[in-house]
Structure formats: C-alpha cells, structure tokens
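Novice: Here you go, one structure.
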Amino acid sequence: MERSGPSEATGSDASGPDPQLAVTMGFTGFGKKARTFDLEAMFEQTRRTAVERSRKTLEAREKEEEMSREKELRQNEDIEPTSSRSNVVRDCSKSSSRDTSSSESEESSDSSDDELIGPPLPPKMVGKPVNFMDEDILSALPPPLNEEEEAEEEEEEEEEEENPVHKIPDSHEITLKHGTKTVSALGLDPSGARLVTGGYDYDVKFWDFAGMDASFKAFRSLQPCECHQIKSLQYSNTGDMILVVSGSSQAKVIDRDGFEVMECIKGDQYIVDMANTKGHTAMLHTGSWHPKIKGEFMTCSNDATVRTWEVENPKKQKSVFKPRTMQGKKVIPTTCTYSRDGNLIAAACQNGSIQIWDRNLTLRLSSGTVCMLWAHTEVCVM
C-alpha cells in the first residue's frame with residue numbers, strides 16, 4: 001500500500017470542503033468564506049440620509065409658516081387696513097432678522113458678539129436717537145396708582161405703625177409645655193426669674209428661666225391640692241411664698257420650692273351664718289395677697305363670703321365679708337382684690353355688682369351698711 005504524505009493531505013484540504021464533514025456537521029455551507037461589510041461606508045450612508053430628511057422637514061416647516069403668515073396678513077388687511085402696514089413691517093423685520101441670524105450663525109463667533117440683542121425697533125425710531133420722554137415709550141409704561149389706592153396704602157402703613165403688638169420686642173420667644181389639659185393659672189415671680197403654672201390636670205409646675213436648658217422643662221412638678229383643679233396662683237410681694245387656690249374649700253400657701261407652708265381650715269357647712277364659721281365651706285374662686293402686709297391674703301368662695309387670712313394663724317380666718325344684693329340676699333363673689341394701699345377690699349359678684357369694704361372694719365349686720373347703686377353695678381362700703 002502507498003501512503004499519502006503531508007503534502008497530499010494539505011492539497012486535498014485546499015481543494016475544497018470534505019463532503020463527509022459537511023454531512024457530520026449538519027449543514028452544506030461549511031468551509032465557505034464569510035461575507036465582509038464596510039461599517040464606515042454604512043455609517044456615512046446613514047448620516048447622509050438623516051441630513052437629507054432633516055433638510056426636507058425644515059423646508060416643509062418654513063413653507064407652512066410662510067403660508068400661515070400670508071393668511072394672517074390677508075385677514076388683517078380685510079379687517080384693519082391701517083394696522084396691516086405695521087404688521088407687514090414687523091413680519092418683514094422678523095423674517096429678515098431670522099435670515100440674518102441663520103446666516104450669521106454659520107459665520108465665526110467673533111461677528112456674533114457685535115450683534116444687537118432684542119426685538120427690532122419700530123420703523124419710526126429706526127436711525128433716530130432714543131428719547132425716553134417720547135409718547136410711544138410713555139404709553140408703554142404701566143399707569144400710575146390712583147389717589148385712592150395711595151391713600152389706602154398710607155392708611156395701612158399708619159395702622160401697622162400704630163399697632164402696639166408690633167412694638168413688643170418679641171425677637172426671642174419660647175414655648176413652655178405644661179401638659180395636655182387646660183392651663184388655668186399663671187404666677188410670675190416679682191423679680192421675673194421664675195414662673196409657676198397650674199391647670200386642670202391638678203399639676204403645679206415651677207419654671208426657672210436662669211437654670212433652663214434647651215429642653216425647656218420644668219424643674220419641679222407637684223399636686224398640692226390632690227384631685228382639685230388649680231384656679232389661681234400668685235406670688236407674694238417678697239416672692240418667697242405662693243398662694244394656691246383650687247376647686248376645694250381650703251387654700252394653701254407653699255414656698256418658692258413647692259413645700260407646704262400652711263393650709264386654711266375648712267368651715268362647718270351646717271352653720272347657717274357663714275360669719276360664725278372658721279373657714280370656707282364651698283369651692284374657692286380666687287385669692288390675692290395684701291400689697292403691703294407680709295403674710296396676709298384673702299380668698300372668695302361659693303359660700304358667698306370673702307375671707308382674709310394670716311399665714312401665722314391657719315386655724316381661723318382674720319375677718320369675713322358677706323356680699324349682699326339690694327334685697328339683702330346672698331350673692332356669690334367670683335373674684336376679689338385689694339386696693340393699691342391695701343385699705344379697701346373689692347369683690348365682683350355674679351349679679352354684676354362690685355362691692356367694696358373697709359379692711360379694718362369687722363362684719364356686723366347691726367352696725368349698718370351704706371350701699372350705692374349705679375345701673376347694674378353695685379358698690380357697698382361696710
């Protein structure tokens with residue numbers, strides 16, 4: 001047998017594909033050369049077609065705009081022949097400006113710096129210096145305000161200046177959170193360093209402005225009257241004691257740190273004459289410190305009495321005052337206070353009367369009273 005050398009094998013491979021190999025691979029085109037594509041030529045052809053299409057669309061748009069302009073010009077000539085001339089001039093100036101802008105955009109950027117920016121000047125003003133006092137320019141300005149509008153603005157400015165709220169120096173403001181229920185009482189220390197608040201949640205809270213941090217929390221909270229709503233809180237003149245008036249019949253005095261100093265005694269509710277009891281027998285309304293005498297204060301209650309007290313003697317009131325109507329019937333005082341010198345006591349009552357007594361007089365019905373009435377305001381001096 002003769003063996004075929006390597007030269008013969010290479011020759012057979014170069015002559016063409018092996019038919020058995022094509023059958024084995026499953027397709028007949030095995031061994032043929034791949035087709036080559038020129039990508040640069042394809043991209044160039046695509047770019048040219050895109051440029052041609054964009055040029056055609058731009059030309060079509062320009063034709064449509066020209067047609068619409070001609071229609072508008074014809075309509076304006078039919079309706080307003082006088083105004084059509086100015087419109088034609090403006091349209092011509094616009095078209096010329098567009099042509100010049102399109103031609104100048106193709107030129108270098110150096111020439112674009114010298115162009116004028118803005119709408120074209122009217123035909124009357126072309127080639128003339130601009131006069132800002134011209135009627136055409138003045139007509140384009142907004143009309144001045146009417147005299148009535150100017151007067152209203154001046155009145156509003158005067159009201160803002162006269163408003164006392166704007167004069168309050170409220171550049172610094174904080175919000176103190178007492179609780180979730182109504183805050184019914186406030187008391188400020190005479191020096192302004194501390195604040196005490198009370199509410200319907202039975203709590204009395206102490207706030208110290210000097211020692212307050214960014215949390216704005218009270219440094220002390222307590223319930224001096226247990227389950228009774230706080231109605232009034234007032235610092236004494238010296239600031240060392242606080243009068244606490246609640247919904248109970250017994251007022252309390254605490255020091256500036258919240259510790260109890262004294263508690264008023266409760267009266268006997270079965271005694272008919274309230275002057276013979278040692279204290280209030282019904283709910284309190286308010287209280288007030290004496291402006292000059294240290295340790296003396298007064299309270300008013302639903303038992304139709306106003307009573308004065310001394311801190312040193314909590315077991316019995318100092319004096320009792322009973323408001324009365326013109327017919328001699330009981331009337332409940334809702335609030336009470338001392339005069340500036342402390343010699344008189346005044347009480348506002350539910351029937352609309354304001355009754356005044358001398359603090360130094362003791363209460364005796366047989367001693368006589370002098371009553372003066374004006375309309376719905378009653379003033380009684382004991």
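Each residue, glycine too, has its Cβ placed from N, Cα and C.
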Novice: Among 1-24, 313-336, indicate the range for which TrEMBL gives the feature region 'Disordered'.
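Specialist: It is 1-24 that TrEMBL annotates as region 'Disordered'.
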Novice: Summarise the repeat 'WD' (277-319) as counts of helix, strand and coil residues per DSSP.
Specialist: 0 helix, 19 strand, 24 coil
